[in-house]
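Going by TrEMBL, these are the annotated features:
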type	residues	note
DOMAIN	A:3-114	domain 'Response regulatory'
DOMAIN	A:127-225	domain 'HTH LytTR-type'
MOD_RES	A:Asp54	4-aspartylphosphate
Amino acid sequence: MMTAIAIDDEPKAIDVIRFHVSKIPTLSLIAHFHEPEEAMNFLRSNPVDLIFLDINMPYFSGLEMLQQLQIQPNVIFTTAYSEFALESYDYNAVDYLLKPFEFDRFKLAVDKAEERIESQRKQQLFFFIKDGFKNIKVRFDDILFIKGSGNYLDIQTDHKVYSPRMTFVEMLNQLPPSDFVRVHQSYIVNIHYIDKIEDNHIFIGSHKISISSSYREVFFKRLRIE
Amino acid sequence: MTAITLYPLDKTKLLTHISFAVIFASIIPAINPDFPLYFSERIRFVTYLALAGMALVYIHTLVLYPILILEKNRRKYRLYLFGVLFLYLLVGIHLGLLLLTREGQGKNDFLLVRSFAPLDSEQAIWIFLFPLFFLLPITFLSHIYSLLIYREKVLLKLLEFIGNVIVVFLLFVLLAIVDGGVMFMILAIILAVFYCNAFYATPLLIDEKNIKKYLLVLLALCSCYYISSITYGWNVGAVGRGERFVAFLFILTGVLFISLVLSFIYGYIRLRLKAKEQLLNLKIGAKESELKLLKSQVNPHFLFNALNTLYASSIQENASKTADSITQLANLIRYMQEDINKDFISLERETKYLQDYIKIQEARCAIPPHVELKFEHIDDYQISPGIFIPFVENAFKYGVNPKGESELLVSVVCQENTIHFECSNTYDANFEVFHREQGFGIGIKNVKERLQLVYPDKHSIDIDKRDDMFIVNIKINTSNT
């Protein structure tokens, strides 16, 4: 399962992407934006696997946006301008779609992205956290959820809680976006361990985590719950 | 190839070059010792050097200069130039060695020498310096020649400069012959006045219409002229007292008057020519911006974004056929706007355009033709764009009857570096034109020319009309391209 967002100043262009995405079951479009700034704010707290990005927008071009992002996301450019194709390689773009693009071409690009994301995922199954003087290996798929508290985090695994000194955003940028989702100002959950969702609360085993209203919409879209 | 694209040969140019070549070729037997005309060995040495120099001029103009202009690769140009010059020096030194070691030894063909006698230091210096000295006029000449061929505007300025230098030189020589150089200084002063008036004062009057400043400059020039020439004349003793002084002043004034008039005419003509050129440039600039405006009126980005909007609407309305047609049309427009101007595109893209074109044309027919498409092993091949499309276009134009049954087969099959294109369609003997519009307008004649240009001796084209079928076969060998 991959998560994606789309950025384009023209609503109809977003409609095309939404339509194509709806035909691909392994891809979910969790948000779309008409302005790059909004997208950048969103990305700060919600990392995604893939971005569909228009280049030529009124105030802020797609390329400028990529320059300002601290992470290097997987990007598929969607534009009417063929002359940026060469430049797009500098941004390690997955593909370059020329508008209007039909579904077959779109699917080809998404397949390419899927391949790349899959290999990135294989490279990154775990990470290390500092605990006092020790570096401890934590596998991503052991993590149930992560709670932020000030400058510390509580990383809850099946049997243990790790509390490294780390900020929430630092943590967020390391996690594979396809498995983890932010549900609250200070909670990230691993979607594979969610047992049930009831009245704005997520239950993972014996833990009860509340969903804040600002993350609710994206979270439900992410899980494809209407 | 590169030089020819820059400097297309016509008959007169070709004739000039051939006659030059004949003249050079005729020099070679003339300097042969067996030929009736006998030249001394030194003259033959110089002639050989000059011949090598001419070869250098041609190499520079036809091979090296295009590197500078076409590829804009200054480093490569310089590297090659130094290589060629160095080679020339080596040849010159070698010839010199051959000559000197044999001079005065009886046998009069120095080229036949196989062993060298030791040289003294004076000879050695002579051998090195002589070809080096020769290099100067040769590089100068080859540069002028290249400019003459490729850049006429720069040349005009250069010619003006050289003309001035020659005239000034001749004046000094003339003066040297007439009075042995006593009046050199006066001539220099007159020339200074001449050029100041032509290049500085005259534009003040004509371009800026600043009469006050012009008169002021003229006054300053004249007073400088009188003061310096009289002082100088006094010092050399050319000026006497009384009547002789008046006569000297009289001559001085006459010369000044002539030089002022001549320089005014010269400056005036220069300004007129310059103004004319500027006007021409302006006109060209206006034409260019007009063209740009025209182009921007059909801004492709606007078009593609608009088509994308239409595409979105058509999928929202569940009109999938419309949606498909819109992307096909967009692809074709992109092809016409961008790809058709490239040297090569991938064969895959070219065949994609063929398909899009056929689909769009099919949609226009009341009874669509029976179409068969075959594309095999087309990956990894490149092709010059626009070669196949005219035939498919013609098939729809003449062959496909929108109101009746017709057939069209298009196949592109690649095998062992060969692209094989076949287009066959039913063909009405009555030669009725069904679709009259121009379409891509490339035309079969242009396709043949393009094939000849891009794939010389590497293609075959075969057009066959038999019974009710029209069959086109093109084979292109893509190796080494």
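Backbone N, Cα and C atoms are what each Cβ position is placed from, and that goes for glycine too.
Keep in mind the model is a prediction, meaning the values are calculated, not measured.
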Taking DSSP states H, G and I as helix and E and B as strand, how many residues of the domain 'Response regulatory' (A:3-114) are helix, strand and coil?
51 helix, 26 strand, 35 coil
Residue distribution over DSSP helix, strand and coil in the domain 'HTH LytTR-type' (A:127-225):
23 helix, 47 strand, 29 coil
Averaged pLDDT, computed only over the residues in the domain 'Response regulatory' (A:3-114)
89
